[in-house]
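What follows is a single structure, written as structure tokens, with notes after it.
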Amino acid sequence: MEVCNCIEPQWPADELLMKYQYISDFFIAIAYFSIPLELIYFVKKSAVFPYRWVLVQFGAFIVLCGATHLINLWTFTTHSRTVALVMTTAKVLTAVVSCATALMLVHIIPDLLSVKTRELFLKNKAAELDREMGLIRTQEETGRHVRMLTHEIRSTLDRHTILKTTLVELGRTLALEECALWMPTRTGLELQLSYTLRHQHPVEYTVPIQLPVINQVFGTSRAVKISPNSPVARLRPVSGKYMLGEVVAVRVPLLHLSNFQINDWPELSTKRYALMVLMLPSDSARQWHVHELELVEVVADQVAVALSHAAILEESMRARDLLMEQNVALDLARREAETAIRARNDFLAVMNHEMRTPMHAIIALSSLLQETELTPEQRLMVETILKSSNLLATLMNDVLDLSRLEDGSLQLELGTFNLHTLFREVLNLIKPIAVVKKLPITLNLAPDLPEFVVGDEKRLMQIILNIVGNAVKFSKQGSISVTALVTKSDTRAADFFVVPTGSHFYLRVKVKDSGAGINPQDIPKIFTKFAQTQSLATRSSGGSGLGLAISKRFVNLMEGNIWIESDGLGKGCTAIFDVKLGISERSNESKQSGIPKVPAIPRHSNFTGLKVLVMDENGVSRMVTKGLLVHLGCEVTTVSSNEECLRVVSHEHKVVFMDVCMPGVENYQIALRIHEKFTKQRHQRPLLVALSGNTDKSTKEKCMSFGLDGVLLKPVSLDNIRDVLSDLLEPRVLYEGM
């Protein structure tokens with residue numbers, strides 16, 4: 001009998017039960033072996049896993065458990081001791097690994113629980129971030145709507161368009177049932193329904209501004225929910241409505257524009273507001289959200305700014321229209337003034353010509369009478385007539401000069417002259433009158449005063465004569481002193497600053513008298529044309545009141561200044577003026593040529609047999625001019641028209657006197673035709689002299705452009721015509737008196 005080293009099963013075998021256990025252990029073993037493989041796979045795929053050793057222990061535990069189940073398959077039947085030993089070893093290892101894993105889990109489980117806590121924290125954080133993102137999206141959406149509404153509002157500067165656009169865009173953006181704007185009335189005591197969303201022309205009814213709901217809204221800058229039944233919220237019929245929509249109201253500031261007065265705008269002596277009311281659709285559960293209220297508040301502020309801009313634009317356009325109307329009126333006034341000035345100048349020109357013609361006869365005949373044998377009484381009368389005529393001629397020249405000064409047509413005629421000689425000539429002219437009144441006159445010229453200067457000699461002499469003449473006229477006793485010096489800085493004329501250079505200097509002339517003096521309050525009137533103060537003179541003193549007015553304008557034209565100083569009535573006065581003069585750079589020889597009318601050679605004085613042609617449309621003037629020439633020994637032929645002059649003139653005539661004040665320009669063109677007539681015999685062409693009553697510079701320039709040889713200003717005396725003939729026959733071109 002063979003011996004078997006086997007172990008019998010512990011209980012009798014049941015074939016069916018054994019099969020189920022066998023199959024179960026097999027699948028348990030397969031599961032235990034597959035779980036570690038899956039864990040190893042996922043751990044390798046995971047980039048971060050903090051419990052790798054625990055996983056190794058857990059895997060070993062599972063593998064050993066699977067091994068015990070697999071070995072247990074051989075224990076259901078008779079098996080050898082080796083199988084039992086293997087089974088025991090596997091269970092011991094499984095027990096060790098299981099205990100180690102259990103001990104390790106004591107430390108791992110709290111960490112695993114904290115992971116869950118972190119997960120919950122992260123979920124809460126994520127939910128909070130989602131809420132914040134929703135708020136940001138809401139704010140962004142609100143901002144987008146605000147920008148869109150602002151763009152629509154700012155796209156125009158018309159007040160009515162702004163308000164209507166605001167209501168339309170708010171109604172579209174917020175899906176409103178109604179939106180309205182209440183504007184304060186002019187008195188500010190009521191609110192008037194001015195604009196609504198659904199009605200183009202709302203019924204204009206008002207509510208008192210002292211309503212509690214209005215005070216509540218005006219008391220805060222936030223949008224306020226109000227009752228749908230409040231007076232300002234009754235915008236649409238409520239019949240048939242189950243539930244009215246929620247209503248909010250917000251104030252719209254009307255910005256104070258201190259520099260503008262806007263029509264149809266409330267008086268803004270105190271802070272004023274308009275009221276904007278917004279209603280959600282009725283019969284709906286919709287409510288106002290915070291971001292919608294914020295949108296309404298921002299839009300209200302934007303509307304306030306846009307309204308202020310529109311108001312400024314309206315006032316600017318109104319001011320522009322007013323300015324355009326004023327400009328049109330000013331332009332019309334300017335044209336009328338220019339027309340009046342032209343009419344005045346034309347009138348003065350005509351009157352000048354018409355008055356100079358009889359004066360020409362008076363002065364000419366008086367000068368002829370002076371050449372005859374007269375008794376002392378007759379000579380005195382003739383001299384009186386001549387002086388009165390010359391005074392009248394001077395007055396006419398003053399009026400014409402003033403007219404040209406005022407319209408800016410008068411210009412200075414600059415030239416080099418002897419300044420010292422000019423002062424001496426002025427004294428020579430004034431001394432006869434001063435001697436009669438027993439008034440001594442002294443002339444003081446500063447040592448550094450230049451002798452030869454560049455300026456308008458005639459106008460400077462006229463200024464000095466006017467001022468010195470006034471000193472003589474209004475002084476009954478005492479003395480008169482004339483001082484000339486180079487101007488230095490003077491603080492008394494605060495608005496006039498002297499800036500001399502190497503090419504010019506400022507001449508100061510002081511005329512001091514011991515006459516009647518001037519009341520200080522009358523000094524500002526002195527330089528007013530046609531003005532004579534009672535303290536200064538009476539009408540018996542003579543004069544037109546133009547002398548100082550013209551002198552002031554001449555001084556201004558010479559870039560100077562003039563003023564008068566007086567301590568009061570009976571204390572005399574001092575007239576002071578500064579004028580700008582150029583410093584002459586000419587040589588001594590050329591300077592000597594600037595000395596006025598000092599003949600260097602004997603002048604012609606015998607004109608016997610000189611054939612002269614006189615053309616003048618005025619019979620009296622023609623006769624007087626002929627008489628002067630005949631008295632000088634000339635053989636005179638007279639004509640009354642241009643055609644007759646052109647037909648009569650011949651090479652026998654040495655001089656032709658022609659009146660250029662005749663109507664039209666033919667009187668100038670006749671000079672050109674005379675030049676053409678003598679083209680082949682230029683040396684036989686007669687000298688052409690213009691007789692003119694116009695003292696302006698344009699007459700002289702026109703005469704030069706038409707080829708005339710000289711100009712003689714009416715009225716003409718015997719000495720004038722003698723000097724002209726002498727100068728022409730030397731020969732040299734003369735433009736006398738211009």
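Every residue, even glycine, has its Cβ placed from backbone N, Cα and C.
Taking His79, His353, His420, His504 one by one, Swiss-Prot attaches phosphohistidine to His353.
Fewest Cβ neighbours within 10 Å among the recorded positions Asp513, Asp659: that distinction goes to Asp659. In sequence order, Ile430, Ile433, Ala434, Lys437, Leu439, Ile441, Ile480, Asp513 constitute the residues six or more apart from Val472 (ADP binding site) in its chain with CB-CB distances below 8 Å. The highest number of surrounding Cβ atoms within 10 Å, among the binding-site residues Cys65, Leu548, is found at Leu548.
Panel annotation: around the transmembrane segment (53-73), residues 22, 25-26, 28-33, 35-36, 39-40, 43, 83, 86-87, 90-91, 93-94, 97-98, 100-101, 104-105, 108 of the same chain, lying at least six beyond its termini, place a Cβ under 8 Å from a Cβ of the stretch.
Not a single one of the recorded positions Cys65, His69, Asp659, Lys714 has a C-alpha within 10 angstroms of the C-alpha of Leu548 (ADP binding site). Applying DSSP to the domain 'GAF' (158-307) sorts its residues as follows: 44 helix, 36 strand, 70 coil.
Per-residue pLDDT, averaged over the domain 'GAF' (158-307), rounds to 79.
The number of other Cβ atoms within 10 Å of the Cβ belonging to Ala471 (ADP binding site), over all protein chains shown, comes to 27.
Distance between Cα atoms for Asn470 (ADP binding site) and Lys714 (ubiquitin cross-link): 26 Å, as a whole number.
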